[in-house]
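Residues or ranges marked as disulfide bond in Swiss-Prot: Cys24-Cys190, Cys188-Cys195, Cys284-Cys287. Residues annotated as phosphoserine in Swiss-Prot: Ser341. Under the heading topological domain 'Extracellular', Swiss-Prot lists 1-50, 108-121, 185-204, 281-294. Annotated transmembrane segment per Swiss-Prot: 51-75, 84-107, 122-144, 164-184, 205-225, 256-280, 295-315, in sequence order.
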Amino acid sequence: MAAASTSSPVISQPQFTAMNEQQCFYNESIAFFYNRSGKYLATEWNTVSKLVMGLGITVCVFIMLANLLVMVAIYVNRRFHFPIYYLMANLAAADFFAGLAYFYLMFNTGPNTRRLTVSTWLLRQGLIDTSLTASVANLLAIAIERHITVFRMQLHTRMSNRRVVVVIVVIWTMAIVMGAIPSVGWNCICDIDHCSNMAPLYSDSYLVFWAIFNLVTFVVMVVLYAHIFGYVRQRTMRMSRHSSGPRRNRDTMMSLLKTVVIVLGAFIVCWTPGLVLLLLDVCCPQCDVLAYEKFFLLLAEFNSAMNPIIYSYRDKEMSATFRQILCCQRNENPNGPTEGSDRSASSLNHTILAGVHSNDHSVV
């Protein structure tokens, strides 16, 4: 008996650990991952969950209606049939999709999370990642377009419709890939020791990558708008020395500054807290990030609600089209100019070009 017991195979502790690390948990319940990460999984609706869900649904409805209004306005008004407006329509489409994705999340959160499988949970998160990535990519595309337009002194870029379509396809391809990456393998289902606390099926490394990707995009936008501001400020100062219209130059610079502050301020307020929270989830285990998760996610979603206001409502022509649509009025002169309307790609670009072109002979 003693000899038999000595001859039986014994698995050492390092071998057991290696086998455990290679094990995958595709058939486990969502509760398994949540319990292991320490994230609370509700069994019933409490006051906070109901409040978050109510706010979330309200924001979703506003996002979808506001962005639908933008898309309809660009479609019905032929003055908007230019590349910049096509990008704005695509931004509205991305934000509309964000509203749908977040709406789906609202009905599959809280106690309803327990009913999800691994695949449906990854789908739920993938929709959010795809929609938000598409929105951010569109913001970057618009910033690049504005940069090119201002530096070439054009009302509209000379980009062909085909190139606009290519840009839009690239944006959505990148967004879909970013949203699908966790589902196709970059998750912690087979690496259970490196699961995130905020997203218990997501790998820590993916969340760090996603957060840094968006923060880098933010930095690029800051650089682009800062470059535009510096360029216009230099031009207005040169024009002030050679022209009798310093007030117009000052107004142009202030209009640009206001737009830059709105754009960057909205992005900082809506996105930075959530992105920092993702990094803290990985880099600061003792930080109680789960206490703020839902509210910061809701705040990030507000960016999709603010985009139509920032990029569309400041345009006088867009505002007039909004009123016509909401009041069921016909646009009697869809091709002609409207007095007092801003027919440029944005009111910002129109004021820049108006100041530059009216004084260009004195600068050169």
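From the backbone N, Cα and C atoms, a Cβ is placed for every residue, glycine too.
This view paints the features noted in Swiss-Prot onto the structure.
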| residue | record | DSSP class |
| --- | --- | --- |
| Cys24 | disulfide bond | coil |
| Cys188 | disulfide bond | coil |
| Cys195 | disulfide bond | strand |
| Cys284 | disulfide bond | coil |
Problem set entry | Candidates Cys24, Cys188, Cys190, Cys284, Cys287: member of the disulfide-bonded residues with the richest Cβ shell (10 Å) | Cys188
Problem set entry | Of Cys24, Cys284, Cys287, i.e. the disulfide-bonded residues, those within 10 Å of Cys195 (disulfide bond) when Cα atoms are compared | none
For this session: Return yes if the transmembrane segment (164-184) and the transmembrane segment (84-107) have at least 3 CB pairs under 8 Å (sequence gap of 6 or more), otherwise no.
Result: yes
Seminar exercise, completed: disulfide-bonded residues Cys188, Cys284, Cys287 vs Cys24 (disulfide bond), shortest C-alpha separation belongs to Cys188
Exercise. Near the topological domain 'Extracellular' (108-121), which residues from the same chain, at least 6 beyond its ends, have a CB less than 8 A from one of its CBs?
Worked result: 26, 28-31, 34, 41-45, 49, 53, 183, 189, 201
Seminar exercise, completed: When pLDDT is averaged across the topological domain 'Extracellular' (108-121), the result is 90
Exercise. Taking residues 6+ outside the topological domain 'Extracellular' (185-204), which of them lie with a CB under 8 Å of any CB in it?
Worked result: 21-26, 30, 33-34, 36-39, 118, 121-122, 125, 277-278, 281-282, 289-290, 293
Exercise. Do you know offhand how many angstrom separate Cys284 (disulfide bond) and Cys190 (disulfide bond) by C-alpha?
Worked result: 23
Problem set entry | Intrachain residues whose Cβ lies under 8 Å of the topological domain 'Extracellular' (281-294), provided they are six or more past its termini | 38-40, 52, 196-198, 204, 207-208, 273
Exercise. For the topological domain 'Extracellular' (108-121), DSSP counts of helix, strand and coil?
Worked result: 10 helix, 0 strand, 4 coil
Seminar exercise, completed: Cβ neighbour count (10 Å, all chains) around Cys195 (disulfide bond) is 22
For this session: Taking only the Cα atoms, work out how far Cys287 (disulfide bond) lies from Cys190 (disulfide bond), in Å, as a whole number.
Result: 25
